[in-house]
Amino acid sequence: MTARIIDGKAVAAALRATLAQRIGGLGYAPGLRVVRVGDDPASGVYVRNKDRAAQQAGFNSATIQLPEDTSEAALLAVVAELNADPAVDGILVQLPLPPQIRADAVIQAIDPAKDVDGFHATNAGRLAIGQPGLVPCTPKGVMHLLAAAGASPRGARAVVLGRSNIVGKPMAALLLAADATVTVVHSRTQNLAAECRRAEILVAAVGRPEMVRGDWVAEGATVIDVGINRLPDGRLVGDVAFAEAARHAGAITPVPGGVGPMTIACLLENTLDAAVARRG
Ligand SMILES: Nc1nc(=O)c2c([nH]1)NC[C@@H]1CN(c3ccc(C(=O)N[C@@H](CCC(=O)O)C(=O)O)cc3)C=[N+]21
(Lines of atoms letter the chains of each structure in order from A and count residues from 1; the text may use other names and numbers.)
(Lines give C-alpha, C1' and ligand atoms only; values in the text may rest on other atoms or scores of the structure.)
Protein backbone atom coordinates (compact mmCIF):
# COMPACT_ATOMS: atom_id res chain seq x y z
CA MET A 1 0.00 0.00 0.00
CA THR A 2 1.15 3.54 -0.54
CA ALA A 3 -0.44 6.19 1.60
CA ARG A 4 -2.55 9.15 0.64
CA ILE A 5 -0.89 12.36 1.82
CA ILE A 6 -3.08 14.52 4.03
CA ASP A 7 -2.51 18.12 2.90
CA GLY A 8 -2.47 20.18 6.10
CA LYS A 9 -1.70 23.36 4.21
CA ALA A 10 -4.88 23.01 2.15
CA VAL A 11 -7.08 22.02 5.12
CA ALA A 12 -5.69 24.97 7.10
CA ALA A 13 -6.30 27.39 4.20
CA ALA A 14 -9.92 26.20 3.96
CA LEU A 15 -10.42 26.66 7.71
CA ARG A 16 -8.90 30.15 7.60
CA ALA A 17 -11.24 31.07 4.73
CA THR A 18 -14.28 30.10 6.82
CA LEU A 19 -12.89 32.15 9.72
CA ALA A 20 -12.41 35.18 7.46
CA GLN A 21 -16.02 34.81 6.35
CA ARG A 22 -17.28 34.63 9.94
CA ILE A 23 -15.22 37.72 10.85
CA GLY A 24 -16.75 39.58 7.91
CA GLY A 25 -20.13 39.29 9.60
CA LEU A 26 -18.97 40.43 13.05
CA GLY A 27 -18.48 44.17 12.70
CA TYR A 28 -15.19 44.09 14.64
CA ALA A 29 -11.77 42.50 14.33
CA PRO A 30 -11.06 39.85 16.98
CA GLY A 31 -7.89 40.78 18.88
CA LEU A 32 -4.95 38.40 19.32
CA ARG A 33 -1.79 39.21 21.26
CA VAL A 34 1.24 36.93 21.17
CA VAL A 35 3.88 37.58 23.81
CA ARG A 36 7.40 36.42 23.03
CA VAL A 37 10.23 36.62 25.56
CA GLY A 38 13.68 36.40 23.97
CA ASP A 39 14.10 34.68 20.62
CA ASP A 40 13.88 30.91 20.95
CA PRO A 41 14.45 29.68 17.38
CA ALA A 42 11.59 27.13 17.59
CA SER A 43 9.08 29.96 17.84
CA GLY A 44 10.49 32.26 15.12
CA VAL A 45 8.84 30.65 12.07
CA TYR A 46 5.69 30.17 14.09
CA VAL A 47 5.40 33.86 14.99
CA ARG A 48 5.93 34.98 11.40
CA ASN A 49 3.45 32.49 9.89
CA LYS A 50 0.90 33.28 12.56
CA ASP A 51 1.05 37.04 12.10
CA ARG A 52 0.59 36.71 8.35
CA ALA A 53 -2.32 34.27 8.63
CA ALA A 54 -4.03 36.40 11.29
CA GLN A 55 -3.81 39.64 9.31
CA GLN A 56 -5.07 37.96 6.14
CA ALA A 57 -8.11 36.50 7.91
CA GLY A 58 -9.07 39.88 9.38
CA PHE A 59 -7.82 39.63 12.95
CA ASN A 60 -6.32 42.52 14.88
CA SER A 61 -3.11 40.69 15.69
CA ALA A 62 0.20 41.82 17.18
CA THR A 63 3.30 40.26 18.71
CA ILE A 64 4.69 41.81 21.88
CA GLN A 65 8.43 41.13 21.91
CA LEU A 66 10.11 41.32 25.33
CA PRO A 67 13.83 41.01 26.11
CA GLU A 68 15.38 37.67 27.13
CA ASP A 69 16.07 38.99 30.68
CA THR A 70 12.43 39.98 31.39
CA SER A 71 11.44 39.12 34.98
CA GLU A 72 8.46 36.95 35.85
CA ALA A 73 6.84 39.95 37.56
CA ALA A 74 7.23 42.08 34.43
CA LEU A 75 5.70 39.37 32.25
CA LEU A 76 2.81 38.91 34.71
CA ALA A 77 2.20 42.67 34.50
CA VAL A 78 1.92 42.42 30.69
CA VAL A 79 -0.51 39.50 31.03
CA ALA A 80 -2.62 41.48 33.53
CA GLU A 81 -2.79 44.40 31.11
CA LEU A 82 -3.92 42.13 28.25
CA ASN A 83 -6.49 40.42 30.53
CA ALA A 84 -7.97 43.86 31.25
CA ASP A 85 -7.93 45.12 27.63
CA PRO A 86 -11.43 44.76 26.10
CA ALA A 87 -9.98 44.79 22.56
CA VAL A 88 -7.94 41.68 23.30
CA ASP A 89 -9.82 38.39 22.86
CA GLY A 90 -6.91 35.96 22.77
CA ILE A 91 -3.57 35.85 24.61
CA LEU A 92 -0.75 33.47 23.76
CA VAL A 93 2.55 33.46 25.63
CA GLN A 94 5.14 31.68 23.53
CA LEU A 95 6.84 28.70 25.12
CA PRO A 96 9.50 27.88 26.11
CA LEU A 97 10.18 30.78 28.47
CA PRO A 98 13.64 31.66 29.82
CA PRO A 99 14.65 29.97 33.11
CA GLN A 100 13.94 32.93 35.41
CA ILE A 101 10.23 32.69 34.53
CA ARG A 102 7.95 29.89 35.75
CA ALA A 103 5.83 29.01 32.71
CA ASP A 104 3.06 27.57 34.86
CA ALA A 105 2.70 30.77 36.92
CA VAL A 106 2.29 32.74 33.69
CA ILE A 107 -0.17 30.32 32.07
CA GLN A 108 -2.38 30.26 35.18
CA ALA A 109 -2.38 34.10 35.22
CA ILE A 110 -4.06 34.29 31.79
CA ASP A 111 -7.83 34.87 31.89
CA PRO A 112 -9.22 31.41 30.94
CA ALA A 113 -11.70 33.16 28.61
CA LYS A 114 -8.72 34.56 26.64
CA ASP A 115 -6.49 31.47 26.92
CA VAL A 116 -6.41 30.60 23.20
CA ASP A 117 -3.64 27.99 23.78
CA GLY A 118 -6.07 26.11 26.04
CA PHE A 119 -3.28 25.51 28.56
CA HIS A 120 -4.93 27.06 31.65
CA ALA A 121 -5.99 24.52 34.30
CA THR A 122 -9.61 25.65 33.90
CA ASN A 123 -9.62 24.83 30.19
CA ALA A 124 -7.65 21.59 30.69
CA GLY A 125 -10.17 20.57 33.36
CA ARG A 126 -13.13 21.44 31.17
CA LEU A 127 -11.73 19.29 28.37
CA ALA A 128 -11.17 16.42 30.81
CA ILE A 129 -14.81 16.48 32.00
CA GLY A 130 -16.39 17.21 28.62
CA GLN A 131 -17.43 20.82 29.25
CA PRO A 132 -17.07 23.51 26.57
CA GLY A 133 -13.85 25.53 26.74
CA LEU A 134 -10.80 26.55 24.76
CA VAL A 135 -9.00 23.45 23.42
CA PRO A 136 -5.23 23.29 22.71
CA CYS A 137 -4.56 24.19 19.07
CA THR A 138 -2.42 21.27 17.93
CA PRO A 139 -4.72 18.44 19.08
CA LYS A 140 -7.71 20.41 17.81
CA GLY A 141 -5.96 20.69 14.43
CA VAL A 142 -5.37 16.94 14.42
CA MET A 143 -9.12 16.34 14.89
CA HIS A 144 -9.81 18.59 11.87
CA LEU A 145 -7.23 16.63 9.83
CA LEU A 146 -8.81 13.28 10.75
CA ALA A 147 -12.19 14.60 9.63
CA ALA A 148 -10.72 15.93 6.38
CA ALA A 149 -9.04 12.55 5.75
CA GLY A 150 -12.31 10.70 6.37
CA ALA A 151 -10.76 8.81 9.30
CA SER A 152 -13.56 8.66 11.86
CA PRO A 153 -12.35 8.12 15.44
CA ARG A 154 -15.64 6.53 16.47
CA GLY A 155 -14.98 3.00 17.66
CA ALA A 156 -11.46 3.10 16.22
CA ARG A 157 -8.30 2.02 18.05
CA ALA A 158 -6.29 5.22 18.47
CA VAL A 159 -2.76 5.31 19.87
CA VAL A 160 -1.24 8.58 21.05
CA LEU A 161 2.55 8.49 21.32
CA GLY A 162 3.54 11.12 23.89
CA ARG A 163 1.91 12.40 27.09
CA SER A 164 2.68 16.12 27.24
CA ASN A 165 0.18 18.60 28.64
CA ILE A 166 0.22 20.54 25.37
CA VAL A 167 -0.37 17.67 22.93
CA GLY A 168 -0.54 14.08 24.21
CA LYS A 169 -3.00 14.49 27.08
CA PRO A 170 -5.47 16.81 25.35
CA MET A 171 -5.17 14.69 22.18
CA ALA A 172 -6.20 11.59 24.13
CA ALA A 173 -9.12 13.50 25.70
CA LEU A 174 -10.39 14.71 22.30
CA LEU A 175 -10.14 11.25 20.73
CA LEU A 176 -11.94 9.74 23.71
CA ALA A 177 -14.67 12.37 23.46
CA ALA A 178 -15.00 11.37 19.78
CA ASP A 179 -15.58 7.74 20.84
CA ALA A 180 -12.19 6.26 19.96
CA THR A 181 -10.62 3.49 22.05
CA VAL A 182 -7.56 5.40 23.19
CA THR A 183 -4.17 4.15 24.32
CA VAL A 184 -1.45 6.58 25.41
CA VAL A 185 2.09 5.26 25.03
CA HIS A 186 5.33 6.94 26.08
CA SER A 187 9.04 6.52 26.81
CA ARG A 188 8.43 3.98 29.59
CA THR A 189 5.99 1.85 27.58
CA GLN A 190 7.16 -1.69 26.94
CA ASN A 191 7.16 -2.80 23.34
CA LEU A 192 6.27 0.55 21.83
CA ALA A 193 6.40 -0.78 18.27
CA ALA A 194 3.81 -3.48 18.98
CA GLU A 195 1.49 -0.99 20.72
CA CYS A 196 1.71 1.42 17.79
CA ARG A 197 1.10 -1.40 15.30
CA ARG A 198 -2.32 -1.95 16.90
CA ALA A 199 -3.42 1.57 15.97
CA GLU A 200 -5.95 2.37 13.28
CA ILE A 201 -5.22 6.03 14.08
CA LEU A 202 -1.66 6.77 15.20
CA VAL A 203 -0.74 10.24 16.50
CA ALA A 204 2.99 10.76 17.10
CA ALA A 205 3.86 13.61 19.45
CA VAL A 206 7.13 12.79 21.18
CA GLY A 207 9.57 15.27 19.65
CA ARG A 208 12.05 12.59 18.59
CA PRO A 209 13.04 12.76 14.93
CA GLU A 210 11.82 9.79 12.85
CA MET A 211 11.26 7.58 15.90
CA VAL A 212 8.24 5.82 14.37
CA ARG A 213 9.54 3.33 11.82
CA GLY A 214 7.68 1.72 8.93
CA ASP A 215 7.07 -1.55 10.80
CA TRP A 216 5.34 0.34 13.65
CA VAL A 217 2.48 1.21 11.29
CA ALA A 218 -0.45 -1.13 10.62
CA GLU A 219 -1.52 -1.63 7.01
CA GLY A 220 -4.02 1.08 6.14
CA ALA A 221 -3.61 3.08 9.38
CA THR A 222 -4.03 6.86 9.46
CA VAL A 223 -0.78 8.41 10.71
CA ILE A 224 -0.68 11.95 12.08
CA ASP A 225 2.81 13.32 12.69
CA VAL A 226 2.86 16.18 15.22
CA GLY A 227 6.67 16.39 15.45
CA ILE A 228 8.60 19.26 13.91
CA ASN A 229 12.30 18.49 14.40
CA ARG A 230 15.21 20.39 12.88
CA LEU A 231 18.14 18.04 12.11
CA PRO A 232 21.79 19.17 12.33
CA ASP A 233 21.91 19.24 8.50
CA GLY A 234 19.00 21.72 8.50
CA ARG A 235 16.35 19.26 7.31
CA LEU A 236 12.92 19.45 8.96
CA VAL A 237 11.51 16.02 9.88
CA GLY A 238 8.65 14.70 11.96
CA ASP A 239 8.48 12.03 14.65
CA VAL A 240 7.65 9.52 11.90
CA ALA A 241 10.07 8.12 9.31
CA PHE A 242 7.83 9.34 6.52
CA ALA A 243 8.92 7.27 3.50
CA GLU A 244 8.89 4.00 5.45
CA ALA A 245 5.58 4.72 7.18
CA ALA A 246 3.92 5.78 3.92
CA ARG A 247 4.48 2.27 2.54
CA HIS A 248 2.10 0.89 5.20
CA ALA A 249 -0.26 3.72 6.12
CA GLY A 250 -3.55 4.38 4.36
CA ALA A 251 -3.09 8.13 4.91
CA ILE A 252 -0.29 10.18 6.46
CA THR A 253 0.57 13.81 7.20
CA PRO A 254 3.85 15.25 5.91
CA VAL A 255 6.28 17.52 7.81
CA PRO A 256 6.28 20.36 6.94
CA GLY A 257 2.82 20.97 5.56
CA GLY A 258 0.86 18.70 7.90
CA VAL A 259 -0.07 19.51 11.48
CA GLY A 260 1.93 22.78 11.76
CA PRO A 261 -0.34 24.90 9.54
CA MET A 262 -3.37 23.47 11.39
CA THR A 263 -1.97 24.60 14.74
CA ILE A 264 -1.96 28.16 13.45
CA ALA A 265 -5.43 27.95 11.88
CA CYS A 266 -6.83 26.55 15.15
CA LEU A 267 -5.21 29.33 17.15
CA LEU A 268 -7.18 31.74 14.97
CA GLU A 269 -10.33 29.63 15.35
CA ASN A 270 -9.93 29.73 19.14
CA THR A 271 -9.41 33.50 19.03
CA LEU A 272 -12.59 33.98 17.01
CA ASP A 273 -14.55 31.64 19.31
CA ALA A 274 -13.20 33.50 22.38
CA ALA A 275 -14.22 36.83 20.82
CA VAL A 276 -17.74 35.65 20.04
CA ALA A 277 -18.12 34.19 23.55
CA ARG A 278 -17.03 37.49 25.11
CA ARG A 279 -18.66 40.05 22.81
CA GLY A 280 -21.14 38.17 20.66
N1 LIG B 1 2.35 28.97 23.74
C2 LIG B 1 2.76 28.34 22.64
N3 LIG B 1 1.87 27.75 21.81
C4 LIG B 1 2.28 27.12 20.67
O5 LIG B 1 1.45 26.57 19.92
C6 LIG B 1 3.70 27.11 20.36
C7 LIG B 1 4.57 27.76 21.26
N8 LIG B 1 4.09 28.34 22.37
N9 LIG B 1 5.91 27.80 21.00
C10 LIG B 1 6.46 27.31 19.78
C11 LIG B 1 5.66 26.13 19.26
C12 LIG B 1 5.95 25.80 17.83
N13 LIG B 1 4.67 25.92 17.13
C14 LIG B 1 4.53 25.79 15.74
C15 LIG B 1 3.31 25.90 15.12
C16 LIG B 1 3.20 25.82 13.74
C17 LIG B 1 4.32 25.63 12.96
C18 LIG B 1 4.18 25.56 11.49
O19 LIG B 1 3.25 26.08 10.92
N20 LIG B 1 5.10 24.89 10.77
C21 LIG B 1 5.06 24.82 9.34
C22 LIG B 1 6.33 25.38 8.75
C23 LIG B 1 7.58 24.82 9.34
C24 LIG B 1 8.87 25.40 8.77
O25 LIG B 1 8.95 25.61 7.56
O26 LIG B 1 9.79 25.63 9.58
C27 LIG B 1 4.81 23.37 8.94
O28 LIG B 1 4.91 22.48 9.78
O29 LIG B 1 4.49 23.16 7.78
C30 LIG B 1 5.55 25.50 13.57
C31 LIG B 1 5.65 25.58 14.96
C32 LIG B 1 3.72 26.34 18.01
N33 LIG B 1 4.21 26.49 19.24
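Numbering starts at 1 and runs along the chain as it is shown here.
Backbone N, Cα and C define each Cβ position, glycine as well.
For the domain 'Tetrahydrofolate dehydrogenase/cyclohydrolase catalytic' (6-117), the model's average pLDDT works out to 96. The domain 'Tetrahydrofolate dehydrogenase/cyclohydrolase catalytic' feature in TrEMBL is assigned to 6-117.
The DSSP breakdown of the domain 'Tetrahydrofolate dehydrogenase/cyclohydrolase NAD(P)-binding' (136-276), given as helix, strand and coil counts, is 55 helix, 26 strand, 60 coil. As annotated by TrEMBL, domain 'Tetrahydrofolate dehydrogenase/cyclohydrolase NAD(P)-binding' applies to 136-276.
Listed in sequence order, GLY168, VAL184, HIS186, VAL203, ALA204, ALA205, VAL206, GLY207, VAL226, ASP239 are the same-chain residues at least 6 apart in sequence whose CB falls under 8 Å from the CB of GLY162 (NADP(+) binding site). The NADP(+) binding site annotation in TrEMBL covers GLY162, ARG163, SER164, ILE228.
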